[in-house]
């Protein structure tokens with residue numbers, strides 16, 4: 001197993017380029033099931049979750065070839081409708097194959113998913129929505145079994161904003177008979193990216209990016225080529241890396257408008273952010289100011305940036321209050337940040353962070369994907385050496401992050417334990 005060794009205290013200086021978005025790429029890959037033939041997906045990041053998705057698609061009958069950041073997916077012979085536990089258990093997004101398989105073949109058998117250990121993340125909203133489209137849904141022996149001769153459009157109001165649920169039903173409804181209206185739909189940029197490839201394929205979708213999405217079903221979809229959007233969470237992580245080290249970096253291949261809530265909070269903390277010719281410059285202060293945050297569905301502050309922002313607040317001047325309103329059990333990084341000398345107290349879904357002048361390097365252990373990033377950030381800012389173990393979480397969502405940080409002057413290396 002690999003671990004990261006970081007010798008902290010260096011300001012990050014230079015330029016870095018953001019990879020394609022994992023959270024956009026996964027549903028885009030799955031959407032190719034709906035369009036039999038050869039689809040080409042570009043700007044694909046090299047990540048463990050991408051490889052898992054490829055294995056799921058191959059198990060269903062797809063032929064997948066990769067060349068650099070371009071992946072070609074031939075879904076002509078996707079005739080198997082079962083995604084087994086061995087494949088699905090490692091990644092929650094695998095459950096997204098349910099809707100497309102149901103829409104294309106009229107049946108699907110998909111194992112209940114695994115993935116990050118962040119609360120329950122129930123898929124009941126997916127299943128409730130598919131049932132509203134006319135599917136017969138049963139849970140048997142850890143599998144979701146779904147059947148429908150032909151899905152039919154319906155009006156579906158989500159109890160809570162759900163990114164996966166919105167993606168699932170947008171794909172399923174693309175081939176349903178009649179109009180489907182998704183109310184209280186998720187508004188994330190990744191939803192828009194998925195809608196864009198579906199529209200290229202021939203789907204009729206209006207309102208992606210708003211809380212009401214209308215999908216008029218069509219008889220068939222055709223294969224296409226598509227570029228995955230930049231990863232806004234990776235971009236945000238680099239922004240915080242510049243801020244926490246007092247650095248000065250330029251970030252390419254990012255869309256700043258996807259991170260408005262984070263940008264406002266970083267600016268409140270004293271970080272200078274400018275956008276010129278689609279290159280974002282981030283200049284960290286001598287010491288950040290304490291700022292309160294509350295995670296919200298997009299366009300609010302992203303839950304996937306909460307852990308990284310907490311690391312920044314650990315060295316801020318003053319006390320900050322961080323409220324996690326999206327996922328339960330998403331403060332697992334706190335116990336590890338305390339090992340750096342951070343001053344954090346947790347009560348329910350709220351953490352109070354009293355900034356200290358300096359963190360001290362320590363041996364720590366990653367617990368999930370974004371927690372891994374927060375520990376790297378703390379290590380970059382800390383005195384002495386930090387060792388981070390269990391970094392396999394990191395490889396699920398960040399493409400060569402240690403190489404990119406080293407390119408900005410960080411003293412960071414991956415070694416075998």
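Numbers here mean position along the shown chain, with the first residue as 1.
Even glycines carry a Cβ here, placed using N, Cα and C.
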Out of 70, 273, 326, which is the one Swiss-Prot records at the UDP-N-acetyl-alpha-D-glucosamine site of 92, 304?
326
Provide, as an integer number of angstrom, the distance between the C-alpha atoms of residue 22 (phosphoenolpyruvate binding site) and residue 92 (UDP-N-acetyl-alpha-D-glucosamine binding site).
13
Counting all other Cβ atoms within 10 Å across every protein chain shown, which of the binding-site residues 23, 92, 304 scores highest?
23
Go through 22, 326, the listed binding-site residues, and name the one with the sparsest Cβ surroundings, counting other Cβ atoms within 10 Å.
326
How many angstrom lie between the most widely spaced Cα atoms of the UDP-N-acetyl-alpha-D-glucosamine binders 92, 304, 326?
16
Cα of residue 304 (UDP-N-acetyl-alpha-D-glucosamine binding site) to Cα of residue 23 (phosphoenolpyruvate binding site): how many Å, rounded?
11
